[in-house]
Amino acid sequence: NLTDAFSIRANVEDRYYLLQLNCQRKKYSGTLDIIAVNPNGEFLSLSDVPFKRLYFVVSFFWSALFLLWSYNWFQYRKFNIRLQRFMTLVPFTQIVSAVVALHFWRELSQTGIDPVLLHWSALLAEGIARGIFFVCLVYVAKGWSITRPGLNKSELRFIWGMILILMISYWVYKYFHGFVLFFLVIMYVFVLRYIFAAIVENSQALLAQLQLIRRIDIDATSTPVYTKFQMFKMFQGAMVVYISVVVIFHLWATIFLQKTPWLEGMMEQIIDLLMAIGVGYTFRLRPFNPYFYVIPSLAPSDSDPNNANIVSSSIDQIQPGGQPWKPGMPLPVVPVDYSRLLRGPQQPLLIIDNPSTYDVNGNPIQNVSVAEPFPSQTQYSLNSPTTGSSSQK
């Protein structure tokens, strides 16, 4: 069998004919690849040319976000910054994805031949960046390093398995396009439902803490618990808007943007960038008071020795003036290892709200018990009941 390959470059716009002579009338087969080139040696079509500039601009914005976010958490590096440090992967993976995509489109622009390795690398990097983005969203919803110190192994396996399926659905959609989007939409809805359930769980726990704080005469709006509760409310609203916009836009792009793929890519990057900025701004590190709220100290009442009145409901301030800690200030001096203190107790703390009783005047008496674990971590020591009288209006 004879094989032959040749290349012809037509520099003039005209009509060309390919003549194949087969004098011996033998069977033969052949393939014909036509690569069109635009003026100035540009091999990309008009609908693909904007990709080169798009990913250059995208990499610039994600790099700026990466630097700003890293600067934010680096100032608080002596504190509990596990979540913020992990969230740095979002702009970093987006930068890698944009740079690889930029090289792919530049290579295709210069040769007109699809660089297979770069093509698959760009697709892989884009899917990984999206997966890391959603892992961060799920971690935030679960309250990792916000309301709980960590996640158990079963939760981690489920989260990463769910995100892996989402990434595969995204890869399939980006490669085939069309109505394969249906499977990606199903995964978006599934992940959104999981995130919502986690947000509701954390919101209910924080709301219960707020109710307890209000009952012991502390301004709830001045506590970290209230700040976290507001964060989750804002995050819940942002997730509704984000998923809704993403799903609706992909459906619209599948129908109307087939001839302008660069516009779909640009809008997708803008949506992700705005969501990342919103979540980052909500959960950014900011000046705070590093000393914890303490249960109000109690003393027997002169008029009623059997009961106790709250004699102090202020915050235990070790730092003079009670000024919030800001970057540049010396680290606060505490009696235990600071990093361990800010990670929170490794053992559970039981707060028991006992049934209320009434004093001689008919006013309800709050009765709260606090149980702390023994060093053996197997038994609890029950503190003296924390009680206080308050009039109910």
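Here the Cβ of each residue, glycine as well, is placed from N, Cα and C on the backbone.
Taken from TrEMBL, the feature domain 'GOST seven transmembrane' applies to 50-259.
The region 'Disordered' annotation in TrEMBL covers 373-393.
As annotated by TrEMBL, transmembrane segment applies to 54-74 (among others). Non-local neighbours of the transmembrane segment (54-74) in the same chain are 81, 84-85, 87-88, 91-92, 94-95, 98-99, 101-102, 105, 262, 265-266, 269, 273, 276-277, 280, 284-285; each lies 6+ residues outside the stretch with a CB under 8 Å from one of its CB atoms.
Per TrEMBL, the feature transmembrane segment maps to 86-105 (among others).
If you look at the transmembrane segment (117-144), the same-chain residues 6 or more away from its ends with a CB under 8 A from one of its CBs are 82-83, 86-87, 89-90, 93-94, 96-97, 100-101, 103-104, 107, 150-151, 155, 159-160, 162-164, 166-168, 170-171, 174-175, 191, 194-196, 198-199, 202, 235, 239, 272, 276, 279, 283. Per TrEMBL, transmembrane segment is recorded for 117-144 (among others).
Among the features that TrEMBL reports, transmembrane segment is placed at 156-173 (among others). Long-range contacts of the transmembrane segment (156-173) within the same chain, counting only residues at least 6 positions beyond its ends with a Cβ under 8 Å from a Cβ of the stretch, are 123-124, 126-128, 130-131, 134-135, 138-139, 142, 180-181, 183-184, 186-188, 190-191, 194, 250.
The transmembrane segment annotation in TrEMBL covers 179-200 (among others).
For 238-257 (among others), the entry in TrEMBL reads transmembrane segment.
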Same-chain residue ranges lying at least 6 outside the transmembrane segment (238-257) that approach it to Cβ under 8 Å: 137, 141, 173, 177-179, 181, 184-185, 188-189, 192, 195-196, 199, 263-264, 267-268, 271, 275, 278-279, 282
